[in-house]
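As recorded in TrEMBL:
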{"type": "DOMAIN", "residues": "18-224", "note": "domain 'MacB-like periplasmic core'"}
{"type": "TRANSMEM", "residues": "20-39", "note": "transmembrane segment"}
{"type": "TRANSMEM", "residues": "271-292", "note": "transmembrane segment"}
{"type": "DOMAIN", "residues": "276-390", "note": "domain 'ABC3 transporter permease C-terminal'"}
{"type": "TRANSMEM", "residues": "326-347", "note": "transmembrane segment"}
{"type": "TRANSMEM", "residues": "367-388", "note": "transmembrane segment"}
{"type": "TRANSMEM", "residues": "412-432", "note": "transmembrane segment"}
{"type": "TRANSMEM", "residues": "647-669", "note": "transmembrane segment"}
{"type": "DOMAIN", "residues": "655-766", "note": "domain 'ABC3 transporter permease C-terminal'"}
{"type": "TRANSMEM", "residues": "702-721", "note": "transmembrane segment"}
{"type": "TRANSMEM", "residues": "736-756", "note": "transmembrane segment"}
Amino acid sequence: MLKLKIIIRGLFRQKLNTGIIIISLAIGMACVNLIAMFINRELNTDAFHKQKEQMYALRCDDLFNKGKGQQTYLCSEGSVEYIKDNFIQVEDYCRVSPASAQKVVVNNETYYDRPGVIAASKNFFSFFSYQLLTNNPKTSLEADNDLVISEDLSQKYFGTGNAVGQIITLVNGEKEEPMIVTGVFRKPLENTQIRFDMVRPAKGKNSRCFVRLASGANPQELEKIFAANKAAIPSINDGTPGQYSLKPFQDTYFDTSRHISFEASRDKTDLWIALIIGLVIIGIASFNYLGLVNNNLIEKNKAYAVQRVNGGSKFGFVINFMTESLIVVGISFLLSLILMLWMVPFFNHLTSTNITSDFIFNPKQMLILSEVVAVLLIITLLFVVFRIRKNKYLNALKPGGNQIGKRVQMPAFNIFQLASSLVLIIFSIIIIKQTNYITQKPIGLDKQVFEVKIPAQYASIVSVFKEELRTNSSVGLVSIAGASPVLEHFMFLLHYNENGVEKEYSPSGFTGDENYIATLGIRIVEGSGFSGNPESDKNKCLINESLAAMFPTQNLIGKGVPGMENKIVTGIVKDFHYSSLKSLVEPALIAYDPKGLHLMVKASENQLALAQDAIAKTWKKLIPDYPLDMETIGDRYEFLHRENKKYLQLIGACSVISVFLSMIGLFAISFQSSRYRTKEIGIRKVNGAKISEVMTMLNKDFVKWVAIAFVIATPIAWYAMNKWLESFAYKTNLSWWIFALAGLLALGIALLTVSWQSWKAATRNPVEALRYE
């Protein structure tokens, strides 16, 4: 107990070292533990399903991307039933497809916050391992009007009462479907790729199909059997046979090509980025810790020498030092838990995950946290033993033998910290530059146009809504469209003959009335737009430059679209970006159609706010029982690139953390260095040294470290960011000034950190330093 009090008193005596160690480790452990939990959670997505190793997603050739080697997860009911009935390797299957509920009515109360609804096979809860709290998993989806809801919705709609047997009405447009609650399920604590709040029996022809193979079945051999029986297996469109393949169910989570509302996905690049960031932050924190542990060892060098001369053992010294380390690391660990709870909401936002306090304090996760502590203590033990073995303790008892001078510095540690911070700073600058490039790049559409989505049951008043808006002076143009011009296009599969060879292509399609082109600001480069006469326009369309470029030898204006000759081309429009800048603009056409559920509204000049207000008032007048569904084209376009902003926020936050940890580490080193060189500074000043010369002497090592770190960080950052930018079809340039700016920032931060301490040492009265000499 006495030794413990002495150890604690020693920690309080070294407030600066102890404080910096605790702060560094607490921040480092909080960040790395959150990242470790995130990676572990993502890699174990759907691991709770009992027969996950035997579960596969069924895929077939993509009808709209033939020749590109692409496959779709969409399969017909006939195909999966045939596979189940004719191949003994397939034990069972389950179909899942998206459903919807624009509003929900329970006990005469209406809810507009659209729940996630899926339609699934009757065996959904026996095929998967989602926990059903009530009813039998095999019978909960027997009837067409059966409905299973989440525990959260049960509490929301029915409080603590029993939800089973209650009526929930799902409303879509004018269609109202009374459903009977037959079960309540609990959402898993673990991550899952199928996200839903309600499950109803499957309807519809095409859906996601999952199969469970018999124990011992070989998926690769089964795919060969599929290929051999290709002609017999019904295709997705009951037409041309397609090749079927299997993908392990858990692996489909990392396939970001899927675009279905109920399915979550994750790019594995996110995990690599998170891992690198975690290693960088814990590396900086650990090097701060080891650097200050080294200082503590040097501080205790004379005490250790006296202890050894008086018969003390190395083991006793190591035990005392490790006890001190255990106290410091333990306090850091407890503080890191508090920091984690504080950081979780922000971290969840950046990573689009859902880590909760229950998940953090789960025994499995606490084991991960304790492993980090154990690793730190093991490293400390090895470091202390290594230093003691090399220590010639008798030198510490000689006059001046404990003066360490520059030995307080551990350049490799500091250079790593600075290089890591530089890499993250460069990442941040480049992501900012690319984000600004995306935001400012013209997309061929007017980003300030409002898009208003009308509920299906109000289809009859769309024209009335349009005319009402046109009478308002703040509204310039209004157009009726079939869907949003950003990522809501439909696809054609068109066949045409070229020199006797049958070919096919898949252009994207949009529909709109005579004002569509002018309202959205799409530029016509050749020909003309729609005339405004419904009778003459009904078979007309415009094509974009990319589609026209597919047929360079033909002048398509006045002719039919190849493969769809009944649609006459009236003009060619400049390519506009209707999907992410990660891909090139694909061939597209705009067909005339005066009907639709989307209104495109262009405000009069300098009347944006008034036009928005006019839309809101008109909506309230014509559609009073639904919340306004409105956004700008720019909002939708930014949504496509939301991951860039999250990367920026994540890298930016980590840059701030790494710079802060590096700063306090440098501050501690500069403090110790100037303290141990107090007498040297005093002698230099007595002999006429200027303050600027003393400060240069104290700071030159730090400047050298920044220069070396810059040389190391620049090629690493250039390579990583160049690879990242390759994922964009349209991207900014990696300019030299980005790296120069990052280097200057790092140099400025380093000098700002150490110069205050250097100035204090340089301006100190030399008499104070030499009074005992």
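Cβ coordinates come from backbone N, Cα and C, glycine included.
Keep in mind that what you see is a predicted model, and the values were worked out from it rather than measured.
Remote same-chain partners of the transmembrane segment (412-432), defined as residues 6 or more beyond its termini with a Cβ less than 8 Å from a stretch Cβ, comprise 277, 280, 283-284, 287-288, 290-291, 644, 647-648, 651-652, 654-655, 658-659, 661-662, 665-666, 669, 702, 705-706, 708-710, 712-714, 716-717, 720-721, 724-725, 732, 734, 738-739, 741-743, 745-746, 749-750. Through the fold, the transmembrane segment (647-669) approaches residues 16-17, 20, 23-24, 27-28, 31, 273, 277, 280-281, 284-285, 287-288, 291-292, 295, 346, 349-351, 408-409, 413-414, 417-418, 420-421, 424-425, 427-428, 431-432, 435, 702, 749-750, 753-754, 757 of its own chain, all at least 6 residues removed from its boundaries and within a Cβ separation under 8 Å. Averaged across the domain 'ABC3 transporter permease C-terminal' (276-390), pLDDT for the predicted model comes to 77. Using a Cβ-Cβ cut-off under 8 Å and counting only residues 6 or more beyond its ends in the same chain, the transmembrane segment (271-292) has close neighbours at 17, 20-21, 24-25, 27-29, 31-32, 35-36, 38-39, 42-43, 351, 372, 376, 379-380, 383, 410, 413-414, 416-417, 420-421, 423-424, 647, 650-651, 654, 657-658, 661-662, 664-665, 668-669. Sequence-distant contacts of the transmembrane segment (736-756) (same chain, six or more residues past either end, CB-CB distance under 8 Å): 418, 421-422, 425-426, 429-430, 433, 659, 662-663, 666-667, 669-670, 695, 698-699, 702-703, 705-706, 709-710, 713-714, 717-718. Beyond the transmembrane segment (702-721), the same-chain residues lying 6 or more positions past its ends with a Cβ under 8 Å from any Cβ of the stretch are 411, 414-423, 426-427, 430, 666, 670, 734, 739, 742-743, 746-747, 750-751, 754. The residues of the domain 'ABC3 transporter permease C-terminal' (655-766), classed with DSSP into helix (H, G, I), strand (E, B) and coil, number 94 helix, 0 strand, 18 coil.
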